[in-house]
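**Q** One structure, pasted below without further comment.
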Amino acid sequence: MDEKDRPKNLREEEEKPSEETKILISSLPWEIDYLGNKLFNYEGYWYSEDILQSIPNIHTGFQPQETDIILASFYKSGTTWLKALTFALVQRSKHSLEDHQHPLLHHNPHEIVPNLELDLYLKSSKPDLTKFLSSSSSSPRLFSTHMSLDPLQVPLKENLCKIVYVCRNVKDVMVSVWYFRQSKKITRAEDYSLEAIFESFCNGVTLHGPFWDHALSYWRGSLEDPKHFLFMRYEDLKAEPRTQVKRLAEFLDCPFTKEEEDSGSVDKILELCSLSNLRSVEINKTRTSSRVDFKSYFRKGQVGDWKSYMTPEMVDKIDMIIEEKLKGSGLKF
């Protein structure tokens, strides 16, 4: 990726919130989350004020193309890994997996794949999308989102594209959120606890939550339209990475050829995108963005890490809630 292609200053065309947006926000019920921030309930989900400003911008300005790929996830669910894997897959004809100048060796995955509601449409309905697009017109546009499927239905109604959702066990998500918040420059660890995060998740009052409704929106999408929706589990990616990466490639219409498989391309992608390799990239060790150290995106990535932190009472409570919320859906964690 050339320097000019880096996704800098994606919020150049800043627009103030419309009066309609201000009126909407003032009319919504709100709660205080575990960080003391005000979250507003809009059509069943909890959003911060800035995300609420981005939703109408996405509705009016985002025009999906059939070749677009949207990577969706609840935060701290494997987003960074999915971005790296997807970029390496769809760009492997342009960027050799053995190239020392591969973009993933010089840029954080979040720089390469911008977030719709935060990087692009937060302050504008007409962001400059050329800031991150590949110079190859045949390459798909890659976007990410932490929103549920529901607010995306408006732009997707006109032109549906490929959507990949990665879901992670909510107990591991909570622990990961806890540690990630400690890395934020504006957050003091003593200001909140795992117990506070746990209660917010149980009550459903978390940014983009409730967690189960978020996951179910994409789960149902994958059942109704498997051509356009792929539902992936973080735990499956960890347990069977080769199988899952090949599944992802098939879904994205860029399957591995026999020659690629014989030459070890699958393993090369997994190595390039591995937690240990990405963690060792210089920019991921030293760069800070939005008051977050890039290194904080690469902690453990373990499955079942929650067992070291949650009490039996916490586990019983969240398991009962999960069983109730997912009952009859076919979705299991």
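One is the number of the first residue shown, and numbering goes on along the chain from there.
Every residue gets a Cβ built from N, Cα and C, even glycine.
Reproduced below are the annotations present in Swiss-Prot:
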BINDING   Lys76, Ser77, Gly78, Thr79, Thr80, Trp81, Arg168, Ser176, Tyr234, Arg299, Lys300, Gly301  3'-phosphoadenylyl sulfate binding site
ACT_SITE  His146  active site, proton acceptor
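A description of the local structural setting of each listed feature is requested, covering burial, neighbours and distances.
**A** Under a cutoff of 8 A between CB atoms, and with a sequence separation of 6+ in the same chain, the neighbours of Tyr234 (3'-phosphoadenylyl sulfate binding site) are Ser77, Gly78, Val166, Cys167, Arg168, Asn169, Asp172, Val303.
Note on His146 (active site, proton acceptor): other Cβ atoms within 10 Å of its Cβ, all shown chains, come to 19.
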**Q** Please work out the number of neighbouring Cβ atoms within 10 Å of the Cβ of Arg168 (3'-phosphoadenylyl sulfate binding site), leaving out its own Cβ.
**A** 25
